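Enquirer: Following this message is one structure expressed as structure tokens.
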Amino acid sequence: MPVFTASFQCVTLFGQPASAADAQPLLQGQRPFLHLHARRRRPCGPMLISKSPPYPASEETREWEAEGQHEHTDELRETTTTMIDGIRTALRSIGEGEISISAYDTSLVALLKRLDGGDGPQFPSTIDWIVQNQLPDGSWGDASFFMMGDRIMSTLACVVALKSWNIHTDKCERGLLFIQENMWRLAHEEEDWMLVGFEIALPSLLDMAKDLDLDIPYDEPALKAIYAERERKLAKIPRDVLHAMPTTLLHSLEGMVDLDWEKLLKLRCLDGSFHCSPASTATAFQQTGDQKCFEYLDGIVKKFNGGVPCIYPLDVYERLWAVDRLTRLGISRHFTSEIEDCLDYIFRNWTPDGLAHTKNCPVKDIDDTAMGFRLLRLYGYQVDPCVLKKFEKDGKFFCLHGESNPSSVTPMYNTYRASQLKFPGDDGVLGRAEVFCRSFLQDRRGSNRMKDKWAIAKDIPGEVEYAMDYPWKASLPRIETRLYLDQYGGSGDVWIGKVLHRMTLFCNDLYLKAAKADFSNFQKECRVELNGLRRWYLRSNLERFGGTDPQTTLMTSYFLASANIFEPNRAAERLGWARVALLADAVSSHFRRIGGPKNLTSNLEELISLVPFDDAYSGSLREAWKQWLMAWTAKESSQESIEGDTAILLVRAIEIFGGRHVLTGQRPDLWEYSQLEQLTSSICRKLYRRVLAQENGKSTEKVEEIDQQLDLEMQELTRRVLQGCSAINRLTRETFLHVVKSFCYVAYCSPETIDNHIDKVIFQDVI
């Protein structure tokens, strides 16, 4: 591991630190990047340190503490490893989707009569499931989240099934009592959480209940409103379209009448289902006796041991959301091969029309498509953004064709995240999607209408807030993860379909516990490293060479490094970044205080000796410092150009400490590498210019002009990093992106925000 030390005590080049009287006034625009907000920044270090666990000053105490913490950390890591292994096992056995059972769909399958003409159900195991899963209050439905629509639908369906076979009268009576006592509550249901096809399916169930003479309050005002809505929606359904092409209407055939089944059978999915709905497929089989429908139903009844889900399969959806959750929870690095398998599967099933929840469903949606596009592009696959045009109409974007309420929070949120991954030359649809989705989400956020029609998650408003406030170019991995640990609901997250359901592979407490343990390990390492960095800083006596707020610079330098490069085995790169940033700041501060570099060329070796590197990388490090220091002597040198040079210095230092750096003249990929350096330098210079334009009260048009230039260069850098030259190590390409995103983050965030993030990421324990 490369290690370096610095000692300024005996360096005559710097002389004595300038006194306040001797210091020359700073020219406008001559502040280092980390101090762009310095005049408004409150002290960061002491405030944060006081909130963190105490860091003993003496070596004896420190060693004693380190030993005890080491034992605790080893135990935590062992626990984390066990959980990671459990997740890995689940990912390796991923199939067509893990989903909870739907009492509603199971009941409709239970109504199917024996094919041989005998008495009783064709699938008796469905009856067994119904009998075994009645809840204590007499209802059926999701046991952990009470939604009246879900309970009424599920309970009524189960009662109809049991009554149809004249069995388990006691359970029927308890279910009926629940319905009688609670039907009125439907009028008070949350509109944003309406079950899919509820107003079509419930009246159909009620008609079946009437035929069975079930004692239900059919005249309840809430039901009259639902019947009226059913008639309104059925009147809007174009029957020619319904029978001619696959649409989402195929998902709710059990609630429709006067259907031409001969035509509809041509619209089945390849697996024999109607839009992957067991209830809809059961109705189709009841009406037609179609063998493929039977094979689909028989397969899922056996797979789920009697019960059936509300939708199946979900092979695409499950893989996408699992990768997304693991990435945002910060533990994706443990599952590189499993994630590669998932995304290879997605890429194989990618179509010009987009994606659906399963590979064989012809009805695509923007949610799966946007998530797929984003993840595939992030992981280096080549996908065309023109696919989003399939979900664009009249300047708006919708989730599914024919939706009565075309826009909901989570599909637009996922599309907004995807739209930010632009490459030069991409179709303008990404830009239009970004504008529309941002406006939509801003409107929902401003009016406090953040409930989603597809999911009931722990903190959707928090997820949207982060995406809106921190664009991808300024979002740092550990910040996103720390906030998402508070937003992710684990097993508490519920999904809305025909009934409420759970996606157990990617919404579970094991993910959450593993991620929290992993992050806790990271925090402990950060505190130890930060403590050591502080001691190194004091021993090196860097503070006496100026800087607006040395403690803040130290804290921010380390935070930016650790927020990007957080893996335990990359401590050398993390600390190398932080130390080089601190040294560069000290040198920059000194030069500004004495009016610029004097006799720099003749004393260059003496200045470089401030950072003696006694290892195999010393030559590369010395060359990197030499080039940075020489930039100060250039006639066209300005603080803006120095910022770009500092970004390159950081990149080179990180690469050197990661053991990946090759001297520029020896690189076989010289042109591609130089392009990455040029883009990095240019973006960071423009970010500095943008901040100054804002602080100096320049016009909005001027700032927007800089933003447009930044966006174009950021698109090019993103393309070169995500899909660039294979001769350049992926980690090397990502280093450029890490440094640029850290500069973006500082430019776009207030000092108070940065302070809060430092506190949250490093010092606030994950509970």
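Any Cβ shown, glycine's included, is placed from N, Cα and C.
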Enquirer: Of the ranges 97-100, 365-368, 461-464, which one does Swiss-Prot flag as motif 'DXDD motif'?
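Expert: Going through 97-100, 365-368, 461-464 one by one, Swiss-Prot gives motif 'DXDD motif' for 365-368.
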Enquirer: What kind of secondary structure is K453 (substrate binding site) part of, going by DSSP in three states?
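Expert: SS state of K453 (substrate binding site) = coil.
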Enquirer: Among K233, K453, all listed as binding-site residues, which has the most CB atoms within 10 Å of its CB?
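Expert: The most densely surrounded of these binding-site residues is K453.
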Enquirer: Around D367 (Mg(2+) binding site), how many other C-beta atoms are within 10 angstroms of its C-beta?
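Expert: Summing over all protein chains shown, D367 (Mg(2+) binding site) has 27 other Cβ atoms within 10 Å.
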Enquirer: Where D367 (Mg(2+) binding site) and K233 (substrate binding site) are concerned, what is their Cα separation in Å, rounded?
Expert: 24
Enquirer: Across the motif 'DXDD motif' (365-368), what are the DSSP residue counts per state (helix, strand, coil)?
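Expert: Residue counts in helix, strand and coil order: 3 helix, 1 strand, 0 coil.
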Enquirer: Measure the Cβ-based neighbour count of D365 (Mg(2+) binding site), defined as the other Cβ atoms within 10 Å of its Cβ.
Expert: 24
Enquirer: Reduce the DSSP letter at K233 (substrate binding site) to three states and note it down.
Expert: helix
Enquirer: Measuring Cα to Cα, how many angstrom lie between D365 (Mg(2+) binding site) and K453 (substrate binding site)?
Expert: 14
